[in-house]
Amino acid sequence: MCAQDAFQTQRSQLVELLVSGSLEGFESILDRLLSREVLSWEDYEGLSLVGQPISHLARRLLDTIWNKGTWGCEQLTAAVREAQADSQPPELPSSWDPHSPHPARDLQSHRPAIVRRLYGHVEGVLDLTQQRGFISQYETDEIRRPIFTSSQRARRLLDLATVKANGLAAFLLQCIQELPVPLALPFEDAACKKYVSKLRTVISAQSRFLSTYDGAENLCLEEVYTENVLEIQMEVGMAGPSQQSPTTLGLEELFSTRDHFNKEADTVLVVGEAGSGKSTLLQQLHLLWASGRAFQEFLFVFPFSCRQLQCLVKPLSMRTLLFEHCCWPDLGPQDVFQVLLDHPERILLTFDGFDEFRFRFTDQERHCCPTAPTSVQSLLFNLLQGNLLKNARKVLTSRPSAVSASLRKHVRTELSLKGFSEEGIELYLRKRHREPGVADRLLCLLRATSALHGLCHLPVFSWMVSKCHEELLLQGRGSPKTTTDMYLLILRHFLLHASPLPLATHGLGPSLIQGRLPTLLHLGRLALWGLGTCCYVFSAKQLQAAHVDSEDLSLGFLVLAKRVVPGSTAPLEFLHITFQCFFAAFYLALSADTPPSSLRHLFQDHRPESSPLARVLPKLFLRGSRCREGSVAALLQGAEPHNLQITGAFLAGLLSQEHRSLLAECQASETALLRRWDCVRRCLTRSLREHFRSIPPALPGEAKSMHALPGFLWLIRSLYEMQEERLAREAVCRLNVGHLKLTFCGVGPAECAALAFVLRHLRRPVALQLDHNSVGDIGVEQLLPCLGVCKALYLRDNNISDRGICKLVEHALRCEQLQKLALFNNKLTDGCAHSMARLLACKQNFLALRLGNNHITAAGAEVLAQGLRTNNSLQFLGFWGNQVGDEGAQALAAALGDHQSLRWLSLVGNNIGSVGAQALALMLEKNMALEELCLEENHVQDEGVCFLAKGLARNSSLKVLKLSNNHISSLGAEALLRALEKNDTILEVWLRGNTFSPEEIEKLSHQDTRLLL
């Protein structure tokens, strides 16, 4: 009773201790009490209710323990003391039996140690338990609710194991045995703890506000952050016809993927075009870590900006890099550094903007000493290779064009940041505009102007639309179509806000620009100098040299650089790299110092630095070009190709007829503008013709094919920015190809608009292949103007839904030339079936429809079959990787029985059994045109094969029958052999991956060589 009396007198202090920490700490106390059988399972359930205030739960716990007597009170006191001391739970005993006859009891008695071991692995274990059928999707989603930490998710999984009687507890015992033993935290000394705390504080302060795109206001990142589409990048050439679309990840799954280019590497590469949200993604990662909400497997996070790193000219060591250029330890720096060296697996380093690092990656110079000074590029390259801090995880962001093959050798996983989905655009605008009706009006505007909607898939454009929403909604101006239109709109917005009120009524007229022309030219000269010298952050001295003063800075286009070491002077940078390119283009368009002849460097595809020798000897090539140092030509020659492409597109837009008249009133000589326009026009036309001349001749019997590269796409975008039909017509008048291939080229909606603007002037029909891009529904809409010159359109793996395809089909019905559509690996469902059926019924010259790897079921197949009944032209129908089942197979077979033109039918992986096989067999008896039937990866089995054998015996057209992976035994094979005796037409029957023994395979192979086993 004495212990109980003491317990009662300390009740208020115990309540305070229990509620002073987090819910995580409270639950760890429950773990200890449950494992020691102080609490029964019923007690625990009443104390672990989600959503209850922790103070309420604490008082209920004290009441429960009081009723258990002295021993219970002593155990609770001990558990609270252990939690206060942050002592680690004991590890699982060496006598641990993963095959225990009482698995649920063992999970409970060792619960604290099991929670600790599951920490860091709970997501993988959850996936495994769901795959094995132990828990449902609903239960998985409940456990993965965002409010739960990893430890809390582990506890919820253990709770399920206690109440489920389906073998989950036994399965978890075995899983836990295989998990690695967690490292005991070696970071108990005060210096290390204080450093971790300081790191979190510094990174939280740097990450909390999103000011990269706006110098006028600070946006709270948590309030506006919107997930981008993040996909695992496939290797070019590795995607087979049946491969599924790339996996889409959430940010918190950044390190969870098992798709590795190089399992020995430590670097995760995130690629994305300028404005796709790479920097913001890293900023959100940093904030999640600093606030303790994610990525807690890392105890140390070190963020770096490549554009700032390249400014470091003095040799430095890794220790200097981490401490002096990120965060300095206030206590025991040597002890802290030793901990970092001893435990690199607890470290995450992020490097943002590798495309802005002027040094080209090389793995020739090896540097392994963490305390020896070396150049900043050597330090970075050896960190990425793992020569320094091996096993520390690194995240590197870059534009795709800056990533070389030699760098990719050291990449563990490559992820592609695609920008916003349509849902993401809406979510972002609603977060930015919470006033009633504003977001709705903006979204209506976007949906009514597909060109602007297409631009908004890049977050930088969504920000611009949000920033300029008043101009877009209230002033009645024509909606922007091109990138240049959008940047001129944001320029107008900033100028109006910096101008006296009377000027605000004049719009973006000559007076508004002319009044700030000196400022714009100062910024333009600084931007161009920065591009030419690969400088993207500017010191006060550099600003002074460019004559940029405080009045120029007041416009807001230059903002303080992020990730600056505390206590140092922050340099300035443009809002975004695209703004730097825009101002450089503005300077090139209006400055009297710009010779028109120098503009050719913007549009040359074969620049000297593109050759291997030029990369080795860049200074030699620059001298050989005889450009005066600091001249426009010299700066353009020194700029990175991807920045030249953006600048060239902006210049083309500024010199377009629409915008040239605006700029002419700010320029003393209109003749100078016309000269520059003429130079850009000639350069674009010449560069395109060089592309066309480089096309190899067609192979005998094949159409002439052009595999375009991203550089070609930028030339097309520049033509689109100029918005001149005559120039587009002249540019492609000599393009004589039958097949234009633009796969893996980063084609999004904006690029689709540019392609359609130019390609619609082709004189001959072309097969346009846009596989493995980011076209989406909006991009499909942008392509419609050029559909009339397409004889085939390939849109594999482009995130297209029913809405986009229905619009495409509606337009295709009026396009006589279009004969082939390839739409596999998208998001199509039964909702598009009526449109597809109408296409087949109405276009009697249509030859090929490929719909593989979508989400079409029997209902969709039945609708499509209606169109097939009246079609007399289709030769290829691809349905692999859907879910048509037996009913869908029956509907298709009934429609194809009398079809006179179909030669190839694929129903691979459609869950077709013997019933569907019987229907297809009846179709084979009637159809005398089909030459290849693909039924791999179904459930045909012997019964279905016997039906097919009967149909085969009466068929005289089929040449190839594919039945691999269908659970067929020798019984089914014997039926096929009997049918083959009566059929001389069939050339191949595929039976690989079925249930034959080695002896049966050898025997069957000798009986008929047409059986491929």
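For all residues, glycine too, the Cβ spot is worked out from N, Cα and C.
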**Asked** To which of the residue ranges 214-247, 350-383, 384-417, 588-621 does Swiss-Prot assign the term region 'Required for CARD9 binding'?
**Response** 214-247
**Request:** Identify the motif 'ATG16L1-binding motif' range according to Swiss-Prot, selecting from 36-50, 261-275, 306-320, 906-920.
**Result:** 36-50
**Message:** Can you name every residue in this chain, apart from Gly272, Glu273, Ala274, Gly275, Ser276, Gly277, Lys278, Ser279, with its Cβ inside 8 Å of the center of the Cβ atoms of the recorded ATP site?
**Reply:** Arg399, Leu417, Gly419, Leu458, Pro459, Val460
**Complete:** Per DSSP, the repeat 'LRR 7' (929-949) contains 9 helix, 3 strand, 9 coil
**Among Ser276, Ser279 [binding-site residues], residue with fewest other Cβ within 10 Å** = Ser279
**Among Gly272, Gly275, Gly277, the most crowded of the binding-site residues [Cβ within 10 Å]** = Gly277
**Asked** Near Lys278 (ATP binding site), which residues of its chain come within a Cβ-Cβ distance under 8 Å, counting only those 6 or more away in sequence?
**Response** Val270, Gly272, Asp352, Gly353, Thr397, Ser398, Leu417
**Fill in**
Same-chain residues at least 6 beyond the ends of the repeat 'LRR 1' (764-785) with CB under 8 Å of its CB atoms are 229, 234, 236, 239, 418-419, 421-422, 450-451, 453-454, 457, 703, 736-753, 755-757, 791-801, 803-805, 807-808, 811, 817, 820, 822
**Prompt:** Tell me, by DSSP, whether Gly272 (ATP binding site) is helix, strand or coil?
**Reply:** coil
**Item:** Nonlocal neighbours by CB distance (under 8 Å) for Ala274 (ATP binding site), same chain, sequence gap 6 or more
**Value:** Arg399, Val460, His576, Ile577, Thr578, His642, Ile646
**Item:** Leading contact stretch, 789-809, 817-838, 873-893, 985-1008 vs the repeat 'LRR 6' (901-922) - CB distance under 8 Å
**Value:** 873-893
**Message:** Treating G and I as helix alongside H, and B as strand alongside E, what does DSSP give for the repeat 'LRR 4' (845-866) in helix, strand and coil?
**Reply:** 9 helix, 5 strand, 8 coil
